[in-house]
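Following: one structure in structure tokens, then a few remarks.
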Amino acid sequence: MTSHVMPTAERKVRVDLAERSYDILIGPGLIAAAGKEIASRLKGRKMAVITDENVAPRYLEPLMASLGESGIEAVSLILPAGEKTKSFEHLIPVCEAILGARIERNDAVIALGGGVIGDLTGFAAGIVRRGSRFIQIPTSLLAQVDSSVGGKTGINSAHGKNLIGVFHQPDLVLADTAALDTLSPREFRAGYAEVAKYGLIDKPEFFEWLEKNWQAVFAGGPARIEAIAVSCQAKADVVAADERENGRRALLNLGHTFGHALEAATDYDSKRLVHGEGVAIGMVLAHEFSARMNLASPDDARRVEAHLKTVGLPTRLADIPGALPPADRLMEAIAQDKKVKGGKLTFILTRGIGQSFVADDVPSSEVLSFLTEKHPR
């Protein structure tokens, strides 16, 4: 695979959005260097740090120390960990913490954690004072390569995932790759699903590279940094071209229409299914459905499933512990998805590995028939 970024120990990816452009820094030691990096970019010297009970014991103290060394005064709020934290119940305390810290125009809110903390904190920053500065310090692989980049923020609803939120771009993303060393194997695998997604969207050579080098990515070191940097560059390019998801950005949702429905069907119970696992199953289903519609070869679907299964990800509905609702109930969840326009189902389908496209008129009857075959119970 041809490298898409400079061959240095620390990588920098620029998200080009005119006056709202920002940097993504990728490499080890960035939490300890956060104060210096933030102080060099922002004039404000007051910060509110939002994190969760899993991340705080490891990284809150080093972050607060780094901020203090750079003359930044910070307060912190520690929330429960897990997908259910993305709710109105926890949004209000975050907003109050930001206001209580007297965060002003040049100050910032810092999200220290995975995708849940980033999405929730970004939403709060987007609505407090009609928009506060916001810094992402993602500590999970999924957050580093996906949710921390691009400005999508939000919380879940009883009607579905991420249905309440705003676009609010961060001012800086610090992806400390050393933080990934403390992830559980399951968490890392879940994030890897989003890495593989970029290859499946439009970078077949990257997917092939992952097939050959995934063990090195899991082990850490240069291959891991390379995979994260390529993923961030891929997302940055898409976001720069289509920030508000009016066209090309929708491709980033490959696997997510099925995946979000499965997350809702399991009541966001992380013991049964986490987001990246839902995406993995969703990407296999998207390739299988594309083959069913005679858009792609069944061999491509088998290849995608084989790779995701090799790294230890679930790839079939039967891999999800416990009972799932019937196919018609899954269809109801799909119909609530944000990728529905004019009552017509919009899916990201594929013509082959790295040849994904937006299909905005998918017959619901075909999807229901497909799901019934895959999940006859």
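Every residue gets a Cβ built from N, Cα and C, even glycine.
Within His168, His256, the residue that Swiss-Prot lists together with Glu194, His275 for binding Zn(2+) is His256. Across the fold, the C-alpha of Lys161 (NAD(+) binding site) and the C-alpha of His256 (Zn(2+) binding site) stand 10 Å from each other. Pairwise Cα distances among Gly115, Val116, Ile117, Gly118, Asp119, Thr139, Ser140, Lys152, Lys161, the recorded NAD(+)-binding residues, top out at 21 Å. Those same-chain residues not listed among Glu194, His256, His275 yet with C-beta within 8 angstroms of the centroid of the Zn(2+) site C-beta atoms are Leu142, Asp146, Ala193, Lys197, Gly255, Gly259, Gly276, Gly278, Val279, Gly282.
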